[in-house]
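Features of the protein shown, as given by TrEMBL:
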DOMAIN    8-425  domain 'Major facilitator superfamily (MFS) profile'
TRANSMEM  12-31  transmembrane segment
TRANSMEM  43-64  transmembrane segment
TRANSMEM  76-91  transmembrane segment
TRANSMEM  97-119  transmembrane segment
TRANSMEM  131-154  transmembrane segment
TRANSMEM  160-181  transmembrane segment
TRANSMEM  218-242  transmembrane segment
TRANSMEM  254-277  transmembrane segment
TRANSMEM  284-302  transmembrane segment
TRANSMEM  308-330  transmembrane segment
TRANSMEM  351-368  transmembrane segment
TRANSMEM  404-421  transmembrane segment
REGION    432-464  region 'Disordered'
COMPBIAS  438-449  compositional bias 'Polar residues'
Amino acid sequence: RQGIGEPSVYHAVVVIFLEFFAWGLLTTPMLTVLHQTFPQHTFLMNGLIHGVKGLLSFLSAPLIGALSDVWGRKSFLLLTVFFTCAPIPLMKISPWWYFAVISMSGVFAVTFSVIFAYVADITQEHERSTAYGLVSATFAASLVTSPAIGAYLSQAYGDTLVVVLASGVALLDIGFILLAVPESLPEEMRPVSWGAPISWEQADPFASLRKVGQDSTVLLICITVFLSYLPEAGQYSSFFLYLRQVIGFSSETVAAFIGVVGILSILAQTVVLGILMRSIGNKNTILLGLGFQILQLAWYGFGSQPWMMWAAGAVAAMSSITFPAISAMVSRNADPDQQGVVQGMITGIRGLCNGLGPALYGFVFYLFHVELNEMAEVETLGKASKPNMANPTDESSIIPGPPFLFGACSVLLSLLVALFIPEHNLVLRSGSHKKHSNGAQTHTHSLQAGGSDGKEPLLEDSSV
């Protein structure tokens, strides 16, 4: 067996940490390069870039998962990490190519999907949630630490050093996969060994979404997820840029904000979530999380001072309890053989939002003319002032962050829908779940169940 030792969760943890640590280092340089490359329509182009990337990832993730069931996980880990990190050195070589390659890299930017399949191969069912939690915590830890390191190095030594360092970390990750990561999928588990073809139904990204309407309770949950995650996905793609351009945060302050809110969200999803689930119940925890999200988005939308952003960030950490609570409700109430189906639907809807949300936010920013004339002014501003917008007389001077208010309205609708979700007896119709005769297909169901909450920490990979 190639690699070091037997396949383990720790191999997966190292791969995830190095990939997102490399991208986290680039948080500050990327905001600067983005505005320099698209000075007139920064938010619009940011939304389109992340929107195209998200939609391509949504379309390709099931296919790559199906192919990894045939050809093994290691080769696809190598493929996804390589193409996800390929744009990094282009940041200094050619910004236009950098953003173009980021958009197209969405076809292969599905490392999490392959990682969760890898973990499913090597863990028993009762160990899986703990293993997924470890991977998620590692992802969060990489994004809590790396933006601050990148901001410090950028301030002290310039952006070029940060790009070189991030490229080096990405190469280290690729080398680790090549030399140290053993294959997790046994030869006898691969359907190609039996001459079985790939299940194209399994590779269809819309397959799980087509099952949404087959059960009224599942439909309510999926609508709740769509309306609440759509603004969250848009926020991930644009919020750090918004802090720099509109609120006037420095690079160091943005990095500190990421770290503080990331730590608070991890605490909220571990300590606070457990207390709330025991004290007020599953459904009430979901409603409370949605309430916090509405408050957070409204505060972001109307807030014009730095202290307001910090306060709203603390509320945002509390709002991160919503999706783990939804996943727990599904896990506790769905039949055992329906877990993968229901969680797969939710994962599919979140993947769709990852494409639609950033594009929606970018378009709304564009409609309200929320732009800056000069990025350089931001670095010299004091706390008492903030940069002028391109057109101070329009609506954007009254509402600094229009997309966040649109998001708050969307989450309010989500909360109203969630009120009608029954807390118990979540059961799919028996016909909605098709049993696969191929043994290796079970890895995809495990992947879907784990992938639904695998990227839940607040600071999702908005930079990749």
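Cβ coordinates are placed from backbone N, Cα and C, and glycine is handled just like the others.
Keep in mind that what you see is a predicted model, and the values were worked out from it rather than measured.
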Same-chain residues at least 6 beyond the ends of the transmembrane segment (308-330) whose Cβ lies under 8 Å from its Cβ atoms:
221, 224-225, 228-229, 243, 247, 249, 257, 260-261, 264-265, 267-269, 272-273, 276-277, 282-283, 285-286, 288-290, 292-293, 295-296, 299-300, 302, 339, 342-343, 346, 421, 423, 426, 452-453, 456-458
What is the pLDDT of the domain 'Major facilitator superfamily (MFS) profile' (8-425) when averaged and given as a whole number?
81
Would you kindly list the residues that approach the transmembrane segment (404-421) from elsewhere in its chain, counting only those six or more residues past its ends and only Cβ-Cβ distances under 8 Å?
217, 220-221, 223-224, 226-228, 230-232, 234-235, 283, 286-287, 290-291, 293-294, 297-298, 300-302, 329, 360-361, 364
Please work out which recorded stretch in 12-31, 43-64, 218-242, 254-277 has the most C-beta pairs separated by under 8 angstroms from the transmembrane segment (160-181)?
12-31
Return yes if the transmembrane segment (43-64) and the transmembrane segment (218-242) have at least 3 CB pairs under 8 Å (sequence gap of 6 or more), otherwise no.
yes
Per the definition of 3+ C-beta pairs under 8 A with sequence separation of 6 or more, do the transmembrane segment (97-119) and the transmembrane segment (254-277) touch?
no
Surrounding residues of the transmembrane segment (254-277) on its own chain - C-beta under 8 Å, 6+ positions past either end:
27-28, 31, 137, 140, 143-145, 147-148, 150-152, 240, 243-244, 284-285, 288, 309-310, 313-314, 316-318, 320-321, 324-325, 328, 456-459
Top Cβ-contact partner of the transmembrane segment (218-242) among 76-91, 131-154, 284-302, 351-368 (pairs under 8 Å):
351-368
Give residue numbers and ranges for long-range contacts of the transmembrane segment (12-31): same chain, 6 or more residues beyond its ends, CB-CB under 8 A.
77, 81, 84-85, 88, 91, 111-112, 115, 118-119, 134-135, 138-139, 141-143, 145-147, 149-151, 153-154, 159, 162-163, 165-167, 169-170, 172-173, 176-177, 180-181, 240-241, 244, 251, 254-255, 258, 461, 463-464
